[in-house]
């Protein structure tokens, strides 16, 4: 019996191991609450091994002060527990942002949960302090041989991950892009380990806020001029337009039924009458961070930083007397978005990264309903930007199971390598097509809301870029290529309008119908939105909605910020 109880006596060596264990266990919270990780034994094991190696590095680097470093490590434990208890997910940028922006009233509503969090934290800290006191009686440290072995294992593990990630991008990508992807992806996995996840996301938030303040000060109210608008023309409030710009994500036009795809991927939109479908549209980038600024400002591949002193469409619409709103289902932590978001009347963002595995765009419908009601009540024109998650990889994460029309899919595959393996190409296509089917449902829901309005209203939808699905070249998958094929740049662009808009803008709609086969790119979207809104500005003198518009040579800005011909990718 005594021998049994001696097993539970805390010796300095066991105390040292207990402190290491307590530093490692919080990563289990991340594993359990992160859907992508928890559903894969491989990913879960890899993250836990990486966490163990990180804890081991405390001992390898710290020596005799390793337990003190561990105590500092665990100062962040309450944040991880709070994230799990309050949100059921790991610490993320969106959660950090929400924490800093939560008011005192919302905090008091969760007072009971904070007591639970405090109790768990104090118990955890007490266990660590107890182990520390036992260890301090006869301090032990890791031998030089063990410390060296841990360091070697740590860097070998990261190197192995980086090598695997280097092989993952499109095989036509440049070495520089593959290296950047491998380093970025490996770092992202390291940033999932406690407490690096908290430090990383807090650092991101501080950086974004600093950038937001810098550009907000530099841009001010924007440098746009307004010649006339629905308000200056003294239109009746019943004729004030409501314009919704929906920024899609990763839209391969060849998989849209509206564009001739043999599968029924857009059955709801196909039934609509008041709709204009542009047949020849190219993106000007293969990355969201580069494409979005050119979709909401006068930036172009040749003058990408133009928005930094002019501002975005939000600034222009504000000057024209429009109410403005930004609704987002992805983090959208781009400088132009952050500099614009503090200028809108209403801001909603789920804060979800593209890696999130539960992220459906219909989450934006409720805030859209609320804002449309507010706009109607306030009797003002409005511009609403909606940034969707669309069809971003992984495709199965973009639609609920009831939209799994095309099977088999890649939903059950746990790793990126297995999803993209050539033997699973059919399942990959099915998953992508299901995501388009869900986009069709989402867009139709927005269209129904527009139809119900008595005031003139419309939405313009266009994704930021296309997606390689291995159909032109088996090696060309996903997006972000330095030298893309046409499926990464060809995108859909549709305009849906209601009866009131049609009645008041018949000549404009006729011109758009006549111009629907005109070659355009996403840099033509801002002037088109200005024209559709009834705003006149010398900064946007002509758009594809004007009879005098003539096609221009189209370019794209590569991930390495090189300007190249987009038209050449079509041949």
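Cβ coordinates are placed from backbone N, Cα and C, and glycine is handled just like the others.
The stretch that TrEMBL tags with transmembrane segment, taken from the ranges 111-134, 183-206, is 111-134. Residues 10-12, 14-16, 18-19, 22, 67, 70-71, 74, 77-78, 81-82, 85-86 of the same chain lie 6+ residues outside the transmembrane segment (111-134) yet bring a C-beta within less than 8 angstroms of a C-beta in it. Remote same-chain residues near the transmembrane segment (68-87) are listed as 19-20, 22-23, 26, 29-30, 32-33, 55, 58, 61-62, 95, 110, 113-114, 116-118, 120-121, 124-125, 128, 132, 194-195, 197-199 (criterion: CB distance under 8 Å, separation of at least six residues from the stretch ends).
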